[in-house]
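Visitor: A single structure is presented below for examination.
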Amino acid sequence: MRLLWGLAWVFSFCASSLQKPRLLLFSPSVVNLGTPLSVGVQLLDAPPGQEVKGSVFLRNPKGGSCSPKKDFKLSSGDDFVLLSLEVPLEDVRSCGLFDLRRAPHIQLVAQSPWLRNTAFKATETQGVNLLFSSRRGHIFVQTDQPIYNPGQRVRYRVFALDQKMRPSTDFLTITVENSHGLRVLKKEIFTSTSIFQDAFTIPDISEPGTWKISARFSDGLESNRSTHFEVKKYVLPNFEVKITPWKPYILMVPSNSDEIQLDIQARYIYGKPVQGVAYTRFALMDEQGKRTFLRGLETQAKLVEGRTHISISKDQFQAALDKINIGVRDLEGLRLYAATAVIESPGGEMEEAELTSWRFVSSAFSLDLSRTKRHLVPGAHFLLQALVQEMSGSEASNVPVKVSATLVSGSDSQVLDIQQSTNGIGQVSISFPIPPTVTELRLLVSAGSLYPAIARLTVQAPPSRGTGFLSIEPLDPRSPSVGDTFILNLQPVGIPAPTFSHYYYMIISRGQIMAMGREPRKTVTSVSVLVDHQLAPSFYFVAYFYHQGHPVANSLLINIQSRDCEGKLQLKVDGAKEYRNADMMKLRIQTDSKALVALGAVDMALYAVGGRSHKPLDMSKVFEVINSYNVGCGPGGGDDALQVFQDAGLAFSDGDRLTQTREDLSCPKEKKSRQKRNVNFQKAVSEKLGQYSSPDAKRCCQDGMTKLPMKRTCEQRAARVPQQACREPFLSCCKFAEDLRRNQTRSQAHLARNNHNMLQEEDLIDEDDILVRTSFPENWLWRVEPVDSSKLLTVWLPDSMTTWEIHGVSLSKSKGLCVAKPTRVRVFRKFHLHLRLPISIRRFEQFELRPVLYNYLNDDVAVSVHVTPVEGLCLAGGGMMAQQVTVPAGSARPVAFSVVPTAAANVPLKVVARGVFDLGDAVSKILQIEKEGAIHREELVYNLDPLNNLGRTLEIPGSSDPNIVPDGDFSSLVRVTASEPLETMGSEGALSPGGVASLLRLPQGCAEQTMIYLAPTLTASNYLDRTEQWSKLSPETKDHAVDLIQKGYMRIQQFRKNDGSFGAWLHRDSSTWLTAFVLKILSLAQEQVGNSPEKLQETASWLLAQQLGDGSFHDPCPVIHRAMQGGLVGSDETVALTAFVVIALHHGLDVFQDDDAKQLKNRVEASITKANSFLGQKASAGLLGAHAAAITAYALTLTKASEDLRNVAHNSLMAMAEETGEHLYWGLVLGSQDKVVLRPTAPRSPTEPVPQAPALWIETTAYALLHLLLREGKGKMADKAASWLTHQGSFHGAFRSTQDTVVTLDALSAYWIASHTTEEKALNVTLSSMGRNGLKTHGLHLNNHQVKGLEEELKFSLGSTISVKVEGNSKGTLKILRTYNVLDMKNTTCQDLQIEVKVTGAVEYAWDANEDYEDYYDMPAADDPSVPLQPVTPLQLFEGRRSRRRREAPKVVEEQESRVQYTVCIWRNGKLGLSGMAIADITLLSGFHALRADLEKLTSLSDRYVSHFETDGPHVLLYFDSVPTTRECVGFGASQEVVVGLVQPSSAVLYDYYSPDHKCSVFYAAPTKSQLLATLCSGDVCQCAEGKCPRLLRSLERRVEDKDGYRMRFACYYPRVEYGFTVKVLREDGRAAFRLFESKITQVLHFRKDTMASIGQTRNFLSRASCRLRLEPNKEYLIMGMDGETSDNKGDPQYLLDSNTWIEEMPSEQMCKSTRHRAACFQLKDFLMEFSSRGCQV
């Protein structure tokens, strides 16, 4: 037996010694589509003179060539070659590679007869399997800024490059995903210039989060690259706060006695320091971001030159830890959280900053050994490469590094200790010899002396030593730079007598073999590598040789230091680095080749509000993308040659050996051990939150601790929490927080003693951003400039005073892509002013304009400040009176002006500050001035039919609403059209700039409302496509339609759930009805939006799960109470819902086109059949209401149900039809076809307006029309239904609400397509009306195919009768819109719904130096704020800062910020059935804005009170899921930004969204005895404001003596009155912003329009409440003036008392008897007799 084993060993040795000829095949292990593949072929051990010819190619493993063949020729003297093999898309597609279902692999094949004939192989091929990737080239995406507000426009660029980083022109696919990961936009484009630019708008309802823009080559699915940006609500800050710790870490070792120190810095965005006070608080933060307040560490400090320093001693910190039972050893892995709020003293604005990266560590350094090889070569040197960094991430230079190396040889070991310091970039490279017998190396590495960082690493020797090893040692272990020559030494190890003659090597970078070479073997063989840009940012050096027939290999990963681009791009601002706003700036762009340079400038304030987390494109990101093509894994080396090749990213075959087939592009992740955390930490950190383990329970607890902006007991709040599991922690934590508030004492002494005992409640709840206001651009210079070496760009800077960061990216055909280092430009004025205006204000309200002057000069500045005169504003001295102000050096000062607006318009308000030598500044902003009262709208529709003798002429009476504001802008807008389809579907209707959404005059907050952006536009596009009428509209209309559809699609995706369903709100459960609605619309929009069919298939699958056994569908969370629409509660609701889902599923069948979806499609079809059976049974019963009957008939007809079912449904529907003349409609039926709510009206006269039906009737009739069109086509019944619907449209083309509008436009579109004709018909309309200047006449000549002049919009006096004459052979429509402001809302429809708004709170304007802020620290009055004596409690600071959008701090010689509390109460009549959603629209008092934090509490907490809120200018919209039958109130705070006096009442409206006619409108006023009702103006400003006010004259005053005929001149010459009465005042009544004096006529002197005036009749006289005029009851007055435009509720004229009115108090008989007054009385009596009998004689 021993002999046999010996012979076997000798035989194997001899066999291995024979060096047989081989063909070696090398390639990257990944093939990229369209990118040439580098292939290395080598001939090994061939006899001299032998020549080998062959070719290489790619093929599908199943067969079929995937590339052209590439020939090669090798010989013993020329034994290797590097080939480039093309991988064309066409060949890959034709070979069937895309059809492979699993990870696609492709074979690299070398084919040569030599392999069969000489190498003794069975075939003439030799190959290796490669992983195929569709990734190719490089794509970079750039946005114009890192963070956006919802509703903002995002501009982006896509740079497309090939594998060599050169411009590529190709097809790209671009997608946008929202913060939920849902795709909201997809585009297929072709880049002709390699730079593609586009933009899209973020929906205004988007939730905060991170969005993503991705781009890929259309044929390369894996070439996807993306960039991220943040979406959240913010406004640019005026200044930025930074927290800088002295050390980026906190040592947690017991012996460390260092203080915790940090610096606070606050600077304006334009670079100047902020004066003010900093309030800082601290907490412990765990890995999940949960914070626990550290009591007793709160600090407040004065800023000096914008800076302050905070120091916490070890004892202070330890005391804070003791209070929460935390030891120092428990801190590892945690962070110390610091938050600072800075309040600046001049303007009182507050900004915040957080520090979240301050870690507790056991060492000051981090130690990284990832660059050290995991394989050692016994007998050679081992290279340990370590990177030492400070905890901040910066390189740690000159840090001692100690290495303890344990060399293990069997059971023996020896320890080697080495010490070396890091170089300038924190690197250390230590080389030490490894004895040949070593099998394992254990490394213990420490960095630093005191408290070192420690790392451990175990390195194994290869298991087999028979073939020896190859050692690769760099001559210089440091990383090379581009341009360096990198030298590596090669040496065989463990081979006593090497027989090979050459080393072979390869250089691999960017996923390709960049070079192959060989070097003759020497004792030490050196290889030189020239490092160029093509090798950056890293490359593998792989060397190998064959020994005894076995490959021996090693590799090394070399990182390149230089991160510069191949070309050159520099941005330089010529001249000064500091500019003034609106200056001209010269930007010099320098390149080293001809290139396109893409520019962009970003306001650096964006980084202060959260944009730092999304850094702009830079070269590090570029190299990261380039390096992603590196298919190698690890630092190099391996147990054997195959692993060396494989880990370097190579595939290899020598005929006998083969590397493993790669299965994935990514590398296997190294397993890391994780230190176990203290399980008891959370309980110790939070005494209350620690009681709950689940995240949901913790959130409920947090919600319970949050204080609401209105009073509710904890029990009341908990009752509103729907989930039982949430209710208990919510109630417990709510009571816990209430106890804290109840125990609070506001005394200063108590606070000083016990402040450390208060719980910082804010750390239990997420932080809110505090928003500030701005009106300046956030980015600009978004342009692409062609540059040839150099270009000087001249641009004008925006008006912002800030620091701009200018970015540049160049793209060159010769040098590729280069990202410039950003350059910054500071825009600043050393003297400037800041101006803030109210959102809006009403006429004759008074407000205080307070511009703040900033002086950063070294000297005091004396300036003159004035407001430029403008019509419509009353200003001091008419605007020419200036205030002389001295602003001390380095400080700020406010200046006050009182302003009274007198005109309802948008007025430019300009403030100018000017000093000597042209020193000064000017700011102009638009002041929005509104009319008094509330807006009222009234619409009328008339049918024009010249073929009807009775309808050829008609009289339209004027409006006589007694509540009209007397001197408003009264008019009636008249619109006439002869082409209803083009008006409704064209650029004035569904395709108007905002779509139908802008025409509805309703909000678009919830998911269903969002669909109004999409559905009507799709309908209109379909109509115009089918009738080929796009050419009749403007050329850009089609593009606008596509844009509207894209926006609607993007918006609705914000409501999608992960399972494909949709809910009315993001926080609300999914709705069957709404999900079906979305499925139907998005199925129709597939082509326009490029939606993924799989997503809609998920939606359809969710709907199928909602079907019950009887075929009906149920809705777990209804959006609308459909019982309202069917009649019978429950039964009809289910029928209508089922029919609705059937319609949606039928339209959704188009998304099941692929084979994978065939099974789901069959399920959908079966579901429709089952549902149709249910609908047929209900229709046969004959008990359906009109709406349920109509939608059922349409669903059965649409899905082609059995004829019997369709007939039953049709007959049931037609039995409920109401026919009036040429109109057919369906009203609301309660439960059977003979029980109608509203009996059909008798045929009306053509001269009467068309009655406007409720939304439900319109929707029902629309479904009936759709059914009739499918059943009978365009017949007589369809004509009548379409005619009725046509005349139900509003003035702007929409209907009542969303559903009736969507369905009706769908129905009318289908009808108009069926009835479309090219026949031209004409309509001539003449309109005439009497005006002040006589008869006004308009003649219109229209036809049914007009585009330009399609419709005319005319304006007539509101009270005038309009006469209409109609001629021609075409029918038409005349619509009238009356819009005016009303005095009060006493006669509104507040019978069904009720709303009440109350405003409470102290509103003070007194300049008080001892202001008390319960939400902040008290500050003494001084020019420079000092540290306050009395601190705020943690709970107060938390609640105070969460209740504001922006805080006005205590100001020097400035008013306290005014706050009020709004309480909104709603309820309804118990008999009223509502659709389920109501909206309260509250117009805020002038000068106020709602506190967003308060509104968010109403919507975001577990005890949700409001479903959603929106703010739009002065409006706050609150969405309620339902209106209770009992009074329910919500509250929120409002803050006054601008001081306003004589504040007028504002309006509030509560209405049913789906039936807006159900509404309640009320006025509410400011708090009584409030300073809001005080007069702010004085002197000439008040005189100007009262210039339009009437003046009361007294007959017995000498100046009124009529010796010179003063009264007669006033009456007959100027202004020449139109009426004259003597009246006795009966009473005075307040009407919004007016006072009404009801008076009885005692004598008629003169009249023009008031022909019915007689003694004893009453007339109303109105005066503005802002005027000082008072007419006393029971006194008699002479009043003469101009006729009014309005009437009272009896139809009698009412008169406005203004500056053109004569008002004289009549003397009593007793006074006229006195001798002193007798003459004056006679003169008055003579005037009355003469004027009444003779009038004016001119």
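Each residue, glycine too, has its Cβ placed from N, Cα and C.
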Visitor: Quick test of reading the record: Swiss-Prot lists a disulfide for CYS66. Which of CYS14, CYS95 is on the other end?
Guide: CYS95
Visitor: From the disulfide entries in Swiss-Prot, identify which of CYS667, CYS726 pairs with CYS700.
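Guide: Of the listed candidates, Swiss-Prot names CYS726 as the partner.
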Visitor: Can you tell which of CYS633, CYS701 Swiss-Prot lists as bonded to CYS667 through a disulfide?
Guide: CYS633
Visitor: Which one is it, CYS733, CYS734, that Swiss-Prot ties to CYS701 with a disulfide?
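Guide: As annotated by Swiss-Prot, the paired cysteine is CYS733.
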Visitor: May I ask for the distance between CYS1529 (disulfide bond) and ASN1324 (N-linked glycosylation site), taken between their Cα atoms and rounded to an integer number of Å?
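Guide: ASN1324 (N-linked glycosylation site) has its Cα 55 Å from the Cα of CYS1529 (disulfide bond).
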Visitor: Sequence gap of 6 or more, C-beta under 8 Å: which same-chain residues meet both conditions with respect to CYS95 (disulfide bond)?
Guide: ARG59, ASN60, GLY64, SER65, CYS66
Visitor: In the domain 'NTR' (1589-1736), how many residues does DSSP assign to helix, to strand and to coil?
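Guide: Its residues divide into 34 helix, 53 strand, 61 coil.
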Visitor: Cα distance, CYS714 (disulfide bond) to CYS1465 (disulfide bond), nearest Å?
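Guide: Computed Cα spacing between CYS1465 (disulfide bond) and CYS714 (disulfide bond) is 20 Å.
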Visitor: If you draw a 10 Å sphere on the Cβ of ASN224 (N-linked glycosylation site), how many other Cβ atoms land inside?
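Guide: ASN224 (N-linked glycosylation site) is surrounded by 15 other Cβ atoms within 10 Å.
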Visitor: Considering Cα atoms only, can you say which of ASN224, CYS633, CYS700 is the nearest neighbour of CYS1736 (disulfide bond) among these recorded positions?
Guide: CYS700
Visitor: Return one of helix, strand or coil for CYS1465 (disulfide bond), based on DSSP.
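Guide: Strand, per DSSP.
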Visitor: Near CYS700 (disulfide bond), how many other Cβ atoms are within 10 Å of its Cβ?
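Guide: The answer is 28.
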Visitor: Any idea what DSSP makes of CYS1529 (disulfide bond), helix, strand or coil?
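Guide: CYS1529 (disulfide bond) sits in a strand per DSSP.
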Visitor: Specify the nearest of the disulfide-bonded residues CYS633, CYS667, CYS1667, CYS1712 to CYS733 (disulfide bond), where nearness means the distance between Cα atoms.
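Guide: Closest candidate to CYS733 (disulfide bond), judged by Cα separation, is CYS667.
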Visitor: Near CYS734 (disulfide bond), meaning Cα within 10 Å, which of CYS701, ASN1324, CYS1612, CYS1712 (recorded positions)?
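Guide: Cα within 10 Å of CYS734 (disulfide bond): CYS701.
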Visitor: Reported in the order helix, strand, coil, what are the DSSP residue counts of the domain 'Anaphylatoxin-like' (700-734)?
Guide: 23 helix, 0 strand, 12 coil
Visitor: Just give me the nearest neighbour of CYS633 (disulfide bond) among the recorded positions ASN224, CYS700, CYS1612, CYS1667, Cα to Cα.
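Guide: The answer is ASN224.
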Visitor: In which DSSP state, out of helix, strand and coil, do we find CYS66 (disulfide bond)?
Guide: coil
Visitor: Do you see any of the recorded positions ASN224, CYS714, CYS726, ASN1324 whose C-alpha is within 10 Å of CYS701 (disulfide bond), and which ones?
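Guide: Correct set: CYS726.
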Visitor: Compute the average pLDDT of the predicted model within the domain 'NTR' (1589-1736).
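Guide: That region's mean pLDDT is 86.
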